[in-house]
């Protein structure tokens with residue numbers, strides 16, 4: 001057992017939890033998994049606030065019982081998340097969760113009556129302690145195992161970013177810690193000793209564990225805010241493509257798609273811009289001036305595209321089209337490769353458009 005933490009520190013962690021709970025319910029609730037995570041964190045934070053409020057008062061026993069009852073509902077949400085991570089059908093998640101919740105309500109009633117702090121000399125200790133341990137720790141162990149499997153799988157993905165790997169690694173460590181705690185407390189129960197799980201007191205380990213979990217669950221909130229502000233990776237790509245998109249769609253305005261009244265997410269807007277650039281390049285291929293040699297680099301390709309756009313803006317007739325292979329035009333095989341090529345083209349585009357009068361004098 002680690003030493004108890006100061007009340008102000010525990011209150012800070014709980015306050016941080018409430019902020020993340022509100023933010024997640026407002027911004028991160030599009031899937032059943034996210035809604036279950038939000039509900040789990042809500043009950044967990046509320047339970048922690050209740051038991052902290054009753055600490056050292058005449059209501060300590062009552063608040064501990066309420067803490068356990070809230071914990072039963074928290075565990076039901078955790079079990080639902082574990083089922084989804086294990087591959088359960090999301091379409092039936094709502095119906096399945098109602099069953100978990102019904103069991104949780106029964107469990108909450110039970111722990112309200114059994115929730116007094118465990119005394120190994122008290123009558124009934126032999127069955128009360130294992131029952132409380134099983135109700136809270138078996139679902140937590142199942143969730144931890146599924147999180148460990150999911151994070152190991154995600155860490156093996158070669159395209160994962162450094163930030164994603166850090167998040168997965170932290171989540172992996174938290175899951176291992178929770179699994180260890182569940183197992184260690186189970187050993188205590190089997191040995192006939194009082195288990196400290198679920199604990200009635202804040203400890204440094206439990207407080208830090210809640211802080212880490214809450215911080216990890218705050219990451220999607222930060223991602224949503226960055227995406228809405230255009231500061232995420234997708235938003236940066238979207239802005240980097242703008243000069244190229246502006247000039248090409250000036251030359252070929254017909255490729256611009258109807259935006260519609262619906263506000264699109266950053267991924268959709270980037271994909272839309274990518275499609276419009278590709279369509280414009282296909283049109284401008286007919287106006288691309290033939291060279292003595294096919295372009296061997298993105299710089300030479302960008303220069304020929306700039307002259308093609310200039311020819312189009314001047315009203316010139318299309319040149320005799322030739323095949324893509326003859327022009328050595330970059331060809332993308334998938335969306336990621338295509339984005340990489342367009343970003344490279346956008347990088348050299350400012351230099352390619354220099355000296356092309358109609359491009360330098362036109363803006364959308």
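Using N, Cα and C of the backbone, Cβ positions are placed for all residues, glycine too.
Just so you know, TrEMBL annotations never went through curation; they're auto-generated.
It is 66-87, from the ranges 44-65, 66-87, that TrEMBL records as transmembrane segment. Among the stretches 6-27, 130-148, 168-190, 202-226, the one making the largest number of Cβ pairs under 8 Å with the transmembrane segment (66-87) is 130-148.
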